[in-house]
Amino acid sequence: MAAYLLRRLIQAALILLGVSFITFFLLYVLPADPVRQIAGRSATAETVQNIREQLGLDQPFIVQYGRYLAGLVQGDMGRSYLQKTEVAELVWSRLPATLLLMLGAILCELVLGLTMGIVAALWRGKAVDQVLMITSFVTVSAPQFVVSLLLLYIFAVKLGWFPIGGYGTFSHLVLPAITLGILGSGWYSRMMRSSMIDVLRADYIRTARAKGLTRARIVLRHALPNAILPVIAMIGIDIGIFMGGIVVVESVFGWPGIGQLAWQAIQRVDIPIIMGVTLVSAFAIVLGNLLADLIAPLIDPRIKLR
Amino acid sequence: MKKLLASTAIMLALGLPAVAQDYTPDPAATAGGTITVTYKDDVATLDPAIGYDWQNWSMIKSLFDGLMDYTPGTTELRPGLAESYEISPDGLVYTFKLRAGVKFHNGREMTAEDVKYSLDRVTNPATQSPGAGFFGAIAGFDAAGEGGLSGVEVVDPLTVKITLSRPDATFLHVMALNFASVVPKEAVDAAGDDFGKQPVGTGAFKLAEWTLGQRLVFEKNADYWRAGVPFLDSVVFEVGQEPVVALLRLQNGEVDVPGDGIPPAKFMEVMADPAQAERVVQGGQLHTGYITLNVTLPPFDKLEVRKAVNMAINKERITQIINGRAVPATQPLPPSMPGYTEGYAGYPYDVEGAKALLAEAGLADGFETELYVMNTDPNPRIAQAIQQDLAAIGITANIQNLAQANVIEAGGAGTAPMIWSGGMAWIADFPDASNFYGPILGCAGAVEGGWNWSKFCDEALDAKAVEADSTFDPAMAADRLKMWSDVYMGVMEQAPWVPVFNEERYTMKSERMGGEDALYVDPVSIPVNYDYVWVKQ
């Protein structure tokens, strides 16, 4: 176990190093000059050059990257070029909101997706199965912006059940979490359906039926725990997919998470912020996958960590 | 000294730039109340030396003051922290007398030392101020650094003398820019690089709360030196709000002013409803949207080609694309800017004439080129309209739809044959004709990385521009404006730009907002002048 964990942590560190290198390199070759953005329209060539030197942007790529890594190791993610604020402070101030939203959304995804998947599997080939599968297809392909605005319009503006965007209380969380939950639930329902169908065909289910157990007991006690395994691995992957959707949903609902921060930074070529957000997202994905792998054996003892 | 005083008197009487002495706020205005303003993006910084976007520009105006200021709702200069000023006969020395008893938000009294410190700070390259270039006329600017500006001198605690290296007719406007705001040294030193998050000024409001990514709260400065203002107890800025959502919240009575304006997709709907349209205030703004034609790249190095492109563009139709929220432009200056050439019709929309000009240039079959455009709505749609107009005279323009930063880079490098300026179009920093020339049409901007994307450089026009800006004598005000008018007509003769439209401003407000309309389309405080608006209880 300890050896496994150590190996995985080394792997994770290498992945993060790779991500940081690729992102830094892409931003380095990007045909847009951050110094120009900082210096403004009335700057003289000397001012531009001066700022370039102060930020060390006149140095070769390897020196710049080396400096960034050296700072990172000491916990320094740099300072935003345009806001002149510590990147770590900007990211930390927004991380709790994103984590909360992610948690709520994954919960919605699981509840919606698993229910749909189980129901579809149990009534396989019937009308309800077809309707659910079409629904799941629609949800994964629906534009996030449209769904967000639609829910906001119906439940906040027309019905007045929830606040129109914002952050702070549980009722603020409901709509954005449900939006992300609906949009992501399609993947889970499809995965759960096929996994459940496989399990329901297995010999031990037939045995359970032969013993005369109730259908509810067979599904909940015997089929579900086995069918759910691939879904757990999927949550880890899902965190990665989430990062894309979160940018849009956070913007529409005025949710102060890192998605918004990233979008604003990209518009302004604020490289330290883009780097910081990318690394934090990559870290979340790596951590999500690791946790999924660690939890799997707890549910299915046949899985051994090697 | 007598001579100096006399010249001040003339200066005030003739007014160049126009100087208004007082302003009477709305007599019906009542004090108290809180308003909510929304924005999509978080506020970048409130450091007056660094902040340079429309969102923080007006916020900084409410937190800080400079020596000069503008009469609310107008482009007329009025004294700010300076009670009065004198200008030497040669126009090189400005002596500002400061108001006594003005206090910073930290309670300390503001002095001439603070004025010097603030100007030294903004021009020190270490500050990385995007506004440093505006102060180029102050003596010692080229050597600015830790030692400060040699041209700024503290005479006594309430007098500061600024010496220029050349006469500059726009200098008082420069002293009204946010970049010239007076800041207290001890607060800047204490906050270090975080001063933009912990601003301390002398303004009508002080920052009470800033929750990153969520909200900022401005609280009334009870000790404000200008009697009677501000009217509001506080202003709450909620950030991270999509404009469409902000509008829904306004309709629901939760928001007073959507800072990003009415979203284009909802504009017609709002204006079609009389109850809502009534709460929309319209005003001109000092804005020009244009297409740059790179005069260094063939075939745009031929005057006929540039003229042909000017004649091919249907400006009326492009104006319709943005729901008519603009007027077609004829020249670089917008109509509300002093120096605008009245009666000049610009190049006519004439497809046949354009074709004839192309044929004259030996390009009867047209040519292929690239049009760079920023990828946010409505710019790609405008670019498509331009593309169609050009196709009608045989020019194939391939659209390069890029992020803002990439367009700026291509423009600066001089690799873009044509750029639609939308999203980055020129909006005046201060209301003076000169502000539309230097960086975007003058030789100084036509360098690698400069903002003159046409790479247009005419030494004779440049000389005339310098002459106009050296004409500081108020008696020559009309001549100066004529000079500027001539400069821009000279530019149009050589057609490095296609001026397309001058945007109009539309500010929407809630029912409870009070104050004259001009405060809601204030040329220097966008979206509203926070210091003077008020709420009906």
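Using N, Cα and C of the backbone, Cβ positions are placed for all residues, glycine too.
The annotation domain 'ABC transmembrane type-1' is assigned in TrEMBL to A:95-296.
Residues annotated as transmembrane segment in TrEMBL: A:12-30 (among others). Note on the transmembrane segment (A:12-30): residues 61, 64-65, 68-69, 72, 269, 271, 274-275, 278-279, 282-283, 286-287, 290 of its chain, located 6 or more positions outside it, place their CB under 8 angstroms from a CB of the stretch.
Annotation comment: TrEMBL describes A:99-123 (among others) as transmembrane segment. Counting same-chain residues at least six beyond the ends of the transmembrane segment (A:99-123), those with a Cβ under 8 angstroms from any Cβ of the stretch are 129, 132-133, 135-136, 173-174, 176-182, 184-197, 200, 219, 224, 227-228, 231, 235, 238-239, 242, 246, 249-250, 255, 257.
Residues annotated as transmembrane segment in TrEMBL: A:130-155 (among others). Counting residues 6+ beyond its ends, the transmembrane segment (A:130-155) has Cβ neighbours under 8 Å at 113, 116, 119-120, 161-162, 164-165, 175-176, 178-179, 182-187, 189-190, 193, 245, 248-249, 252-253 in the same chain.
Residues or ranges marked as transmembrane segment in TrEMBL: A:167-188 (among others).
Sequence-remote contacts of a segment are chain residues at least 6 beyond its ends whose Cβ falls under 8 Å from one of its Cβ atoms, and for the transmembrane segment (A:227-253) they are 97-98, 101-102, 105-106, 109-110, 114, 121, 144-145, 148-149, 152, 165-166, 172, 175-176, 179-180, 183-184, 187-188, 191-192, 195-196, 198-199, 259-260, 262-263, 281, 284-285, 288-293, 295-296, 299-300, 303. TrEMBL lists A:227-253 (among others) with the feature transmembrane segment.
For A:273-296 (among others), the entry in TrEMBL reads transmembrane segment. Within its own chain, the transmembrane segment (A:273-296) has Cβ neighbours under 8 Å at 8, 12, 15-16, 19-20, 23-24, 27, 68, 72, 77-78, 80, 83, 87-88, 90-91, 95, 229, 232-240, 243, 258, 261-262, 264-266, 303, 305, counting only residues six or more beyond its boundaries.
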